[in-house]
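Listed features, source TrEMBL:
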type	residues	note
TRANSMEM	B:12-32	transmembrane segment
TRANSMEM	B:38-60	transmembrane segment
TRANSMEM	B:90-108	transmembrane segment
TRANSMEM	B:115-133	transmembrane segment
TRANSMEM	B:153-176	transmembrane segment
TRANSMEM	B:207-227	transmembrane segment
TRANSMEM	B:239-255	transmembrane segment
TRANSMEM	B:262-284	transmembrane segment
TRANSMEM	B:290-311	transmembrane segment
Amino acid sequence: MSIMTDVSPSAARRRSVPRFVWVIAAIVALYLVAGVITPSFATFDNMLVIVRAASITGIVAIGMSYVTISGNLFALSAAALGAFLAVIFALAVGHLGFAAGLAATLLVAILAGMAQGLSISVVGNPIITTLAFSTVFRGLAALFSGNSIVRIDSDIALALGTGRPLGVPTQSWAFIALALVSWALIRRARLGRLLVLSGANPQTAIASGLNVRLATVVAFVALSVGVAIMAVFTVSQFSQAKADLFAGYDFDYIAAVLVGGIALRGGQGSPLQAALGAILIALLQNFMLLNGFTAGLRMTVVGGLVLLATGAFHLLQRRLR
Amino acid sequence: MKVSSRSADLLGRLGLMLIVYLVFALHLPSYYSPAGVAALLDSAVLSGLVALGVALTMIAGEMDLSVGSLAALAGILAVKLFPIGVFPSIIVVVLVCAAIGALQGWLIHRIGINSMIFTVGTLIAFRGIALLVSGEKTQLVPLEDIAATDILIGKFGIFSVLSLALFAAAALIFAFTRWTLWGREIFAIGGGRSESRAAGVPIRRPIMIAFALSAALAGLAGALLSLKAGSASPLSYDSLLLEAVAACLIGGISLKGGKGSIVGVLIGLFCIRFLVTGIAALGAPFWAQSLATGLLLIIVIVAEAIFAAAAGRFRLAMRRPAPIIKVPA
Amino acid sequence: MLRMTNISKRYGATEVLREVALEVRSGEVMALMGENGAGKSTLVKILAGIEPADAGTIEIAGEPVTIRSPRHSQAAGVAYVAQELSIVESLSVAENVFLGDTDAGLFRSPRSLSTKARPFLLKVGLEQVDPLELAENLSVAERQLVEIARLLSRKARIAILDEPTAALSDAEILRVKGAVRTLADNGCAVIYVTHRMAEVFELSTRVTVLRNGRSFPSIETASLTVDTLIEHMLGRKLEQMFPARATRMGESVVELDQCIGHGLLAPISLSVRRGEILALAGQVGSGANAVLRMLAGVLPVASGTMKLRGAAFAPHSIADSIAAKVAYCSDDRKRDGIFAVRSVPENLSAPALDRVSRLQMISPVMESRHTRGIAELFGIDLAYLTRLAGNLSGGNQQKVALGKWLGIEPDVLLVEEPTRGVDVGARAEIYRHLRSLAERGLTVIFASSDTQEVLGLADQIATFYHGRMVRVVSAESSTPESIVRDVIHPTLAA
C-alpha cells in the first residue's frame, strides 16, 4: 500500500501501474542507452563511481522523503547542513577521535533538525524557512572551519570512506540499509504512521488527536540524520572538509524525490521511491559528464526534469482526483 | 482602526531599521558621510529591485523563487546585447524577462501547481540556461566600448543613476499597487483566493501580472548591475533570493499573502543593508553577512508567527458574545 | 427574466438536482425553500457560475446563456450573495464593495472608491462604517451587509441572496429586507434562499420549493400559510429508516451550566444521560454547532461550566477531549474527517494508534483486528478495507469518519450533520448503528438541520434559533411541524 499512490476509483479497480515501476523502467532504459552510446559508461570503474554517487545522493534523498511524506514539501538546506556537519565531523575527529566525532556530528544533526522542524511547524512555510537556515548553516560551516580546508588523519575514517566489503562500497551498504530501515519505519512504525497521516491531511490528523508538530520535527530530524551520514562518508572518503562542500547539490536531492514520484502534497509514497529516483539522477549525471555535457547543460537538463516530473505528476494526480 | 494599527506595524519596523542604523552609525562614520550614504544606497539597488518583484508575488499569495537565476541570465543577455546600445539592451532584456515571467504565471495558474515548487524548478533551469548562453564564461563588455556604460555611474548628490532607478521603480510599483484595479486585484487574490473568484475577479490576470513584474524587475536589476560592472557571470546572484525574501518578510509582507506594502519592503531592505554593510565595514568576512541575514530572517518569521498565533488566541478569547436579548415570544 | 429548465447535477454517486426548473420575473422576489440538502444552494451556485451544471438550460431575458464561471454569470447580469462569505478580509470595505467590478475603471484611489461606496453602504445601514476600514475588523453581520452593498452596486438584472440573514440580528435583518425590496422595485429579479418563514411571507411574491433535489411548480405566497408551506417542504417521506428509541438510559454524563461561546447569544444549560441520543436542531448560524464545539475543545467556553461524568470538564484542544473519551466529528468530512489518500484501515486506526501498536511498531494483526471490529460495529463492507478512503462513496466515507472513533471506545460522541452528503440507504444504516451504540451505553449528541433525522434518531431534541436555545423537548411529543417551527419561526411556536 505504501507505494500505491493513485486515488481514482477506476485505478483502485484496475490496479494501474505503480509509479515505481516507471522509475525502474527509466533506470534500465537509461542504463542500456548510455551503455550503447558511451562505451566508457558500462565499465567496472565507472559503475563503482555511479554506485557511490547514487548512494551519497540517495542517502539524503531518503531523508528528504520523510519531509515530503510528512507534508512539508522539501528542504533547501540539506547541502548547507551537509557542509556544516562535515566541518563539525572533521574538527571533532581531529580533536576527540573518530567515535566521539561521529557522536558529536549526530548530536548536532539532531539539534539542527529539531530547530528547523520547530521553526517550520510555527511558520508553516518549509521552503522559505529552510532557505534561511541554509545560509545560517553555510555561515556556521565557514565560521567553524575558519573558511579553510579542515583535514583529518584517521585510519578508521579512511576505511569507512573507501572500504569495499564484499566488493560493494561502504556508502552503498549504508544506502541500502537506510532505504530498508526507512521503508520499514514509514510502513510499520507508529512514528512513521504519524508522519504519513499528518502529511495526508493535517487537519484530519489534528482532529484525530495526532501531534502534527511532532511529525514535522521528526521528519526534519530524519533528514538531518541522513545528511549527517552523507557528510561523515564524504569527509572520510576525502579526509577533508570545507565550508563550500555540496554546493548546488540540493536540486539533486529534490529531483530524486520528485523523479521517484513521491507526491508533493504529502501522505503518499515511500522512501524506496526516493532511493530509486536518486539512482536515476546519478546515472543521468554520470552519463552527461562522460559525454562532456557542460555544467550549464547538465543543470538545465536536471531543472527541466524537475519541472517535467512535478508538472506531469501534478496533472496526473489532479486528473485522477 | 486597523488602518492605524497597520501604520503602527510599519512604524515598528521603521524603528527596527533605525535601531540597526544607529547601532552601526555609532561606530562607522561612513554611515553618515555623503559618500558612505551613497554607497549604502547603491548597495541596495540589486536586492531592492528584486525584492519589489518578489513582494508582488508574495502579496498575490504565491512566491517567485526563480529571481536570482533570472537576474544572472538577464545580466548575460544584457552584456551580449550591449552592441545595440545601453538603454536598448536594458529595455529588450526587461521585456524578454517580463514575457518569461508572464509565461511562468500563466503556467502556474493553468496547471494549478504550487508556485514555490514550480519556481524551484525554473530556478535551476534558468541558471542552466545562463550557463549555456554564456558558454560558462564571464561575459565582458568590450574594453574599447566600456565608456558607453559610464552613463550608469552618473551621480546626483548622494543618488546615483542606479539608486534613482530603484526609487523610481519603488514609486511606480507603489502607485500601481495602490491606485490601479490590476494592482488591487493582486492584493485581493492574495487575501482570499476563493472569495475573490466568487466575487468575479479574474484570477489569471493578477497572477500573470505579478510574475511578469517580478521577472521584469529581476531582469532590470541583473541588466543594470552587469552593464554597470561591464561584466556578467552566469554564476552570480545566487544569494540574491534570500536577501530579497528577507527584505519582504522583515518589511511585513505576509507569507500567507494579501498583506504588506511597498514602503515596508523598502524598510526591510534597508534594515538588511544597514546590517550587512555594517558587519562588512567592521571587518567581518563575507560569510558572516549571509549568516546575519539568515539569522535575522529566521528570528523575524518565527517571532511573527508566534506573535500572530498569540494574537489570534487573544482575539478569540476577547470576542464577547452579543448582549443577551430575550427570544421574541 | 430568468428561466432555468431541466437542471441536473450530481456529486459522485449522489444526485443533488434532478431536472429542476426555476422561473423568476423582473421585479419579483422568488423565495427558494426546502430542507437542508434539498439542493437550493447548488441550484443558485450553478446560476452564479460557481458550480457547473451537468445538464439543463438557462435563459435570461429570453436569451439562452452559457454560464461556466462567475465572470460569465456577472456578464449575464447575475449578482450573487453567497452563504459562505466572499469578503476579502485584507481589503478595505470600499474595495470589497467593488471587488470584481471592472466598470469602476483601471485607476482608483482609496478616496474615490470610498466616496463611491458610501451610498451603497448607506442603503444597507452601514453608514457608521468607515469605507476605508479593513474588512477583517467587521463583524460577521457587517460583512454580510457589505456583500449586499456589493450586490446593490452591480447593475444586476438578477440578484441571488443565499441565506443572507443567517448570521444577522433582527435590526440588521430589517435593513436586508429593505435592500431586497429596493432591488425588486427597481425591476430586478430576486431569488431569495432562506430558512426563515417570516422573511418569506414579508418579502416574496412567489415560493419555489425544492425537495430531495426536485422542484415543484411555484406557488403564490399569498395563497400559503405557515402550515401549508411546511407541509410542502416536508412532503411525505415514506421510508421507514429510523430505529426504535432508547429503552433505558443511565445517569447524566454531560452537563452544561450557563455556557456561552462564540456563536451563542444566550447561555445554554443542558444535561444528557448515558445511552441517550440528543439532537441539537437548528439551521446554519443557529448556535447548535457551537455547543458541540465547546464540548470538543475546539471553541473556548467564554463563561459557564461543563461537566463530564460528574467532574468539571474544560478541554483546551481536541487531544484533551479525546483523552477524556469524548469524540468529535465535524460537518466537513473532506477537510478534517478522513484521510482521502490513505487506506480505510489506516483511517480507522488513526485516533487509536496506541491500541494497534506494540513497542512503537504497528502490529498488522492488531490493526486488522481493530479494523474488522469497527467494520462490524459500523457495517463497513470488508471488501472496502483495501481501498483508499477517498475512493469510497459519501455514505461509506461517513461511516469511516464516524467509525474511526469507536476505536477509542468513547463515552460521548459529538457529531455535526451525521448524514450530510450521504445517500438514503447508507443513512438508515448509520442511524441503526448509532442507535445500537447508544444501547451499549454511548451518549450521542448531534447537530442537524434535517428535521426528519432529528425526529427519527433522537430521544431528546434541543431546538436552536439564532444563537439561542428555544427549548428541549422529547422526540415522542414532537412533530415535524413543531420542530420546523421552532427552528425557523419560533415566534409562532410559543
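Note that Cβ sites are derived from N, Cα and C of the backbone, with glycine treated the same way.
Where the annotation comes from TrEMBL, it is an automatic prediction and has not been curated.
Since we're looking at a predicted model, the values are computed, not measured.
Fewer than three CB pairs closer than 8 A are found between the transmembrane segment (B:38-60) and the transmembrane segment (B:290-311), and contact between the two stretches is not assigned (pairs 6 or more residues apart).
Counted over residue pairs 6 or more apart, the CB atoms of the transmembrane segment (B:153-176) and the transmembrane segment (B:290-311) come under 8 Å in fewer than three pairs, which marks the two as apart.
Among the listed stretches B:90-108, B:239-255, B:290-311, the one sharing the most Cβ pairs under 8 Å with the transmembrane segment (B:207-227) is B:90-108. For the transmembrane segment (B:262-284), same-chain residues at least 6 beyond its ends with a Cβ under 8 Å from one of its own Cβ atoms are 10, 13-14, 16-17, 20-21, 23-24, 27-28, 30-31, 39-40, 43-44, 47-48, 51-52, 55, 170, 173-174, 177, 243, 246-253, 292-293, 296. Sequence-remote contacts of a segment are chain residues at least 6 beyond its ends whose Cβ falls under 8 Å from one of its Cβ atoms, and for the transmembrane segment (B:290-311) they are 239, 242-243, 245-246, 249-250, 255, 271-272, 275-276, 279.
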